[in-house]
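Asks: First the structure, then my questions, so here it is.
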Amino acid sequence: MVRRLRGDCMEEVERAKAVLKENNVRQVLCAFADVRGYLQMFSIPAREFVDGSAFENGIGFDGSSVRGFRTIEKSDMVWMPDASSLKIIPWIDDPIQKSAIMFGNVYEAWGTEIADCDPRGYVAKRYEDMLKSEGMSAIFGPEIEFFLFEGVDFTRLSWDMWVSPNGGAGDSWGPPRIMPISSELESGYMIRPKEGYFRPPPEDTTVEYRNELVYYLEQLGIDIEYHHHEVATAGQVELDFKPKQLVDVGDAFYLYKFAAKNIAAMHGLYATFMPKPLYLDNASGMHTHQSLWKGEPFSGEAVFADPDDEYMLSQKARYYIGGLLEHAKALTALCAPTVNSYKRLVPGFEAPIYICWSPRNRSALVRVPMYVKKPSAIRVEYRGVDPSCNPYLAITAQLAAGLDGIKKKIDPGDPLLEDVYELTPAQKRELGVGELPTTLRDAIDHLASDELMQEVLGSHIFDAFMELKIDEWNQYCLYITPWEFMKYFDI
């Protein structure tokens, strides 16, 4: 008998069938994520869900063709639909192309048990269910940043003979690099590097795109709280949506990226979630706000809130922060999982590289926002995340680290109220402020020695992730960059 983790009640299935029929949907895009965090998708005619047995039996596929899933001799797997996640794709009007998207969990052969390679069903859903069994819940609000480019040519390099990355110290040239195309770099109303934050049009060339993206995201059930141009030039933007629980926030992340890329393509543009595409400008992050609740979010008790505390923080919130700091180095492998991620985690670009916590202070890895002084608004923000991550893994790992802090009563120490970037190395040592890993290789080494993270991922995903990331690092180490030719050719 087929077991489903989510959306298996007849009411949800019948609702989904009605939505498909009422909207004359022709195709359903069946979605899931691989271990790396890449969205995977295949199409099934809607009639297979409305009149056929796709909801009951799922859809079989080749798991050996998905990175990190199965080897060829064990390749038969079953995608089981989550009827509650069905959404009509709102920008498709052509009746021939009319489509919906639905997430699902991945099962082993015959559809009898959840596959331990599935980030959504095996990792995120498992932890969400664990919280519910204890009468608890958690919500997460990621601040997803990305760039909107007009074009990019991977075969063309730009360079500047007289530009110094060190303000005149050391080398006096800017290395050859790929330079994306953006009118924000070329027009009379150009935005200079690091001067894009909250810029209005006409300097901000992305506002009409953002307005359109908000329109479609809200039809997909993603309520946007606010959006704006970000710090970097060349079309860096941020759109923040209201917080969601663990599985739903992962689904929303993928819907967000799917919509952002498709709306961009409709206008001949390119949306990229690559963390650091621009040299000497800010990178894209995904600061993740989170809070714990007894019962349901907002209607239950806010676990992190204590009205009598100076920062409105309960002792459990402090222990939660302690857990995040304790596991920060291992978390970095999951939260910043690409070689490019570590071009973001450097001083001088508003990135959190120091392991400490603080209220209001954006130089700390963990920040306690101080906007609204009421229990339901009290939360912690983990800033060491970027949008190249797999949210089902990265956000679940943050939750697990925080819960481990509560379980073990890990004291985070006093908050650091100074600008950490301005402290001397001696001052940081005296205060016990550590640093995040500086390369992907360092991060995966820390992940390898963290037993909690191994428990969160399970042995299969842990081993697959390690293998994929070690291979990625080795590929990078073999590549000879244009910078090396500029630096060393005349030795």
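Cβ atoms are placed via backbone N, Cα and C, with glycine included.
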Asks: Figure out which of His267, His287 sits with Glu143, Glu381 in the Mg(2+) 1 site per Swiss-Prot.
Replies: His287
Asks: Which one, Glu145, Glu150, Glu326, is listed by Swiss-Prot in the same Mg(2+) 2 site as Glu230, Glu238?
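Replies: Only hit among Glu145, Glu150, Glu326 in Swiss-Prot's Mg(2+) 2 site, alongside Glu230, Glu238: Glu145.
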Asks: For a quick check of understanding: given the listed L-glutamate-binding residues Asn282, Ala283, Arg344, Glu350, Arg362, Arg383, what is the maximum Cα-Cα distance in angstrom, as an integer?
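Replies: Across Asn282, Ala283, Arg344, Glu350, Arg362, Arg383, the widest Cα separation comes out at 15 Å.
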Asks: Cα of Ala283 (L-glutamate binding site) to Cα of Glu143 (Mg(2+) 1 binding site): how many Å, rounded?
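Replies: Each residue's Cα considered, Ala283 (L-glutamate binding site) and Glu143 (Mg(2+) 1 binding site) end up 13 Å apart.
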Asks: Counting all other Cβ atoms within 10 Å across every protein chain shown, which of the binding-site residues His287, His289 scores highest?
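Replies: Checking each of His287, His289, the winner is His287.
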Asks: List the residues in the vicinity of the Mg(2+) 1 site, defined as same-chain residues other than Glu143, His287, Glu381 with C-beta within 8 angstroms of the site's C-beta centre.
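Replies: Here the nearby residues are Gly141, Pro142, Gly285, Met286, Thr288, His289, Arg367, Tyr382, Arg383, Val385.
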Asks: Spatial neighbours of His287 (Mg(2+) 1 binding site) among the binding-site residues Glu145, Glu230, Glu350, defined as Cα within 10 A: which are they?
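Replies: Near His287 (Mg(2+) 1 binding site), where near means Cα within 10 Å, the binding-site residues are Glu145.
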